[in-house]
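Participant: Below are the structure tokens for one structure; questions will follow.
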């Protein structure tokens, strides 16, 4: 804008600069607005016709097909790219792997057990499992294990290729879950079933021994990501559940967005652990420090037989025994007293009750006075009191009593006999042990899902148990990564996502409006604000050339007159050159005379406080432009 203004000032005559600048600003403002509208219209057209170019989602839903080589017709466009699903293959040694792409439950055992201490109607593990694709799959051919029933107990398990023994290699457990219908109350966790002689997958139930339980669980508004392991007490031989600390991350999105999420547990021989969701760490810690209850019990415990002495004084403060109640302390003074300065408002209706019988009420036809008693009309507010300040007997309002002190109590002082809070003495813990390698847990030989859910259609896929993190990551990229890519290709653009977000959070519309309106307002303000022209008084304070009044009048002349003036100016250019040379000579002589005068004044010692002003004038006439010599007027004002 500043560059345009400078160009305009150099081209347009001084008298016409103001109007030209405003015209340029208005032109720029209109141009910006037109460009904005064209850009928005173009964006809308692209969105409207985007589906006509490539509809990835529709292509994905048509099925999994290899793009066959065909002879394209001259008039038909090339075929759209299609995503082909390829079952993941493990790239290293694994203890268990399952992608369900065979379409059967081969290798899995459905439980026939019953829960103890439960009604027979719901005690059976009769929940249904199926192997099928997701309802809204973007990868046809990708199948998984689906929990079909709701409000039923489900149990299914499968053997590992070989038992997992905790020694010098880490444990990595990974699988995918999709809550296709969201989740009200239920879990999607897995259990690694301990290697015991009693293990029978046909009777897998909630009390079957497990080594680790891992995965998402939700009920109400409590969103959990379990990592629980059973630790064996080396002294007693009993097992106790140890719960990892809760993740700091917000887990709600994983339960509500109806997307497939990847859950990973990494357990290292140095007792460190990591819990990841979608290959991002959401929880980490150490088995010795970050589980509850702690793996190792305390070395000392409180003596259960120790008792507090009767004379033990735990009071840090006591009433001052030497304090005396002041003589003027009135304990009987009321907290509230009537306001003696109050005056009854004018118009108060003393003889009118606050409530009167409803004159429009009628006794019900089925009213039995012998059974119900004498009927009385219900009470309503007295209509006469509506326009009055009040009705009934007027009473003075109550105010706080300035003399009220309440019951006297002696002040509190430090207790000279204070002994602190009593605690039982510490004794060595008879059950103390120290296990510095809790990683070495009970070996497990099977993986199982034992779940209760109030929501159906929970989708499981791509289980893997291994010891190499690279193998697990490759498996994830070939399975979950492909799902993520397909879902991302089918998602709406940025504008669609913004609209969807605004539907869930209406307050975002305010943000969108402000984001668009504020720049437009600033552009309009910048483009349409005029430049303030200096006043005549400001011109007089400087040597800047002031526009001639005649020039402002000449703005309204015809274009033909201006052309005639330009021709006359062209004819007089030669005369101007000669006159300019003469003027330069006059200027030189005048300057020499001024210097001589100044030297004479300095020699005479006269003060040089006079103000020297110079006026550069250019002679011009309407319709007959005459370029005269520049005349220098030297005026000295005492």
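Every residue gets a Cβ built from N, Cα and C, even glycine.
TrEMBL does not curate its annotations; it predicts them automatically.
From TrEMBL, for reference:
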SIGNAL    1-42  signal peptide
REGION    64-87  region 'Disordered'
DISULFID  185-219  disulfide bond
REGION    287-371  region 'Disordered'
COMPBIAS  306-344  compositional bias 'Basic and acidic residues'
COMPBIAS  348-371  compositional bias 'Acidic residues'
TRANSMEM  507-528  transmembrane segment
REGION    536-611  region 'Disordered'
COMPBIAS  561-572  compositional bias 'Acidic residues'
COMPBIAS  573-585  compositional bias 'Basic and acidic residues'
COMPBIAS  592-604  compositional bias 'Acidic residues'
Participant: For residue 219 (disulfide bond), which residues of its chain lie six or more apart in sequence with Cβ-Cβ distance below 8 Å?
Facilitator: 185, 186
Participant: Tell me, how many other CB atoms lie within 10 A of the CB of residue 185 (disulfide bond), whichever protein chain they belong to?
Facilitator: 14
Participant: Summarise the compositional bias 'Acidic residues' (348-371) by DSSP state, stating how many residues are helix, strand and coil.
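Facilitator: The composition, in the requested order, is 3 helix, 4 strand, 17 coil.
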